[in-house]
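Asker: Take a look at what TrEMBL says about it:
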type	residues	note
ACT_SITE	Y68	active site, proton donor
BINDING	H130	substrate binding site
DOMAIN	50-299	domain 'NADP-dependent oxidoreductase'
SIGNAL	1-23	signal peptide
SITE	K97	site 'Lowers pKa of active site Tyr'
Amino acid sequence: MKVLTCSTLLTLLSASLLVSVDGCKKKLNDGNEIPDFAFGTFKLKTPTQSIRRAIEAGYRLIDTAAFYANEEEIGKGIRDVIERGIVTRAELFISGKLLNTNHSKEQVIPALKLSLKKLGLEYLDMYLIHSPMATTSEGENICLDYVKTWRGMENAQKLGLARSIGVSNFNSKQINRILTLCDVPPAVNEIEVNPTYPNLALVAYCKVNNIAVMAYSPFGYMVPRRYDLEDYSPPKFNDPYFVKLAHKYGKKTSQIAMRYLIDRNVIPIPRSDNPTHIQENIDVYDFKLTTKEVSTINTYDINTKVYELGFLRNNVFYSFYQS
């Protein structure tokens, strides 16, 4: 399999090289379709209620993880909307993630089955390795090759427990190893992408290698954070350029940030318990940014992640030293 590297990719962003889009869905490299907008479930205060509201608002891709410790509550929300006839299971795309403590090949399927039990589902539409860094249950770093983990993921797909499989927080070198050594390529890489960390090289690498990109922390440092510094570069939600675009399109600056990701062919994963924000975040399909506007937002890159996963920094497979 021919693998393209980051160093050759930043100029290869023509539409012919992108994952194809059909309406509000993308075609994955395994033939399955994924919605192009997701609802995040990390640290939700009212997960069951927020899932109900999100699905009622039109979200169909729900991003979950065992690490978030709320799968049972998420499952309740999913069951409720299905029982009320708002959606069918087939209309939803539920994604889950493997814990860092379950990285041995033999642990993958039992871990996935446990998540399915908590969610009350028979299968996941997608299952991701949450990170390439394995740890013990006490949080200590261990050297366990993610390639072996991936072989367990392939087995889960063969059994029909997960229809698509992918990775999260992997860099290009790590994905290269999977593409070279394994049978099934990742369908998705879920990484941090936002106006303050556009992650240009890794997004380009994934697109050229036909791997869809999902973006957690889609607002970056636009939103206040407890460790935020006042001298961080813009944009904030009141940034003049974002305000200008919001006025132009009759939208809010938060919606400009969401549309920015969609127009880069990246799947945003906003999360909120606020009903108004849940609706506003997805209300971005009646306008489109120009190529120049997207390029201008790219220049706000401060090369600083919101989530560095510093507690895993000493892991031999720590992925944030390169794109």
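The backbone N, Cα and C atoms fix where each Cβ goes, glycine too.
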Asker: Round to a whole number and give the Cα-to-Cα distance in Å for the pair the residue listed as 'substrate binding site' and Y68 (active site, proton donor).
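Answerer: The separation of the Cα atoms works out to 11 Å.
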Asker: Between the residue listed as 'active site, proton donor' and K97 (site 'Lowers pKa of active site Tyr'), find the distance joining the two CA atoms and give it rounded to the nearest Å.
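Answerer: Pair distance, Cα basis, whole Å: 9 Å.
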Asker: Mind telling me which of the recorded positions K97, H130 has the densest Cβ neighbourhood, counting other Cβ atoms within 10 Å?
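Answerer: Neighbour-count leader: K97.
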Asker: Reduced to three states, what secondary structure does DSSP give the residue listed as 'substrate binding site'?
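Answerer: Coil, per DSSP.
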Asker: Once the chains shown are all counted, how many other Cβ atoms turn up within 10 Å of the Cβ of Y68 (active site, proton donor)?
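Answerer: Cβ-Cβ neighbours of Y68 (active site, proton donor) within 10 Å number 19.
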